[in-house]
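Contents: one structure, followed by commentary.
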Amino acid sequence: MKQVPEFHEDFYIPIPLDINNLSAYSPFLVPQDHLGNQGIFMAMSVFMFFIFIGGASINILTILCTIQFKKLRSHLNYILVNLSIANLFVAIFGSPLSFYSFFNRYFIFGATACKIEGFLATLGGMVGLWSLAVVAFERWLVICKPLGNFTFKTPHAIAGCILPWISALAASLPPLFGWSRYIPEGLQCSCGPDWYTTNNKYNNESYVMFLFCFCFAVPFGTIVFCYGQLLITLKLAAKAQADSASTQKAEREVTKMVVVMVLGFLVCWAPYASFSLWIVSHRGEEFDLRMATIPSCLSKASTVYNPVIYVLMNKQFRSCMMKMVCGKNIEEDEASTSSQVTQVSSVAPEK
């Protein structure tokens, strides 16, 4: 029986290779052509380039827009700016390195840069993830009024922005200190938490379960509960005003928005959660590394589609962006449903 060569400390390839020196396949030293043809790497490079350009542009524009237009700086818009900062974090620290590495077909920047890139991209991704949960919670708090006549003020908005960063640091720091680690993932051209190696030295299984519970199940449960309560509240309001066409239209549009928001979250994080759980439950089995690249790509792509869902579908933000970029002043309907859904401060104005 052929002896299986020992894996290198800084990377892991879950497929059999007819070679005793796995260091010769190091993703920090040589192109990873044994994992796929050059066309796949070039396609991924182009994809990451567009994600970088699109993600950086739309999120910088959101931040600049908020700075320029005072009416966008409401307390309940703080978290949307926080989401844009998190997306910008991923777009700047994750996508460019991946783009250049895919172009060279290996992680050309070395093991130390891999740890840094993995940490920063994970940090930004987790901040964005928790920001989506906070968006849902704040809307539930203001629209459903579970605390009665509650006024959402600056301290609440600031706390809502700080919480995602604390939660993200709690999730992204452990691999730097021995609980799991950051290594090349998928086609070995980008880095992230180690969720598929068989090395028990890093306790990867427990870290994966921690991420699944704390960074997927809890935020997703929060989003489903809060938006579910919001829909129930609006349905009751629509039932009470059955003769109002605008109320009925509002309920339909809110329902569509909620579905889009929940699907956006699932597209971003469900592949990571499901694939990592499959790896943990099928420890040591071979799998296609090209499939392992998909979750990373979808999470990085969220830097583009999350702003579209949460910012560009907001009439106030969209109008201000058009005015800033094109000089056009689009007339807003302040009573519109889109404003009620994405600019929730209009539902419960401050006293």
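Using the three backbone atoms N, Cα and C, a Cβ is placed for every residue, glycine included.
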Same-side membrane placement of Gln32 and Cys191 in Swiss-Prot: yes
Cysteine paired with Cys191, where Swiss-Prot records a disulfide bond, from Cys114, Cys144, Cys268: Cys114
Candidate annotated in Swiss-Prot as N-linked glycosylation site, out of Asn21, Asn82: Asn21
Cys191 (disulfide bond) and Lys300 (N6-(retinylidene)lysine), Cα-Cα, nearest whole angstrom: 12
Disulfide-bonded residues (Cys114, Cys191), the one with most neighbouring Cβ atoms at 10 Å: Cys191
Confidence summary for the topological domain 'Cytoplasmic' (138-156), mean pLDDT rounded: 86
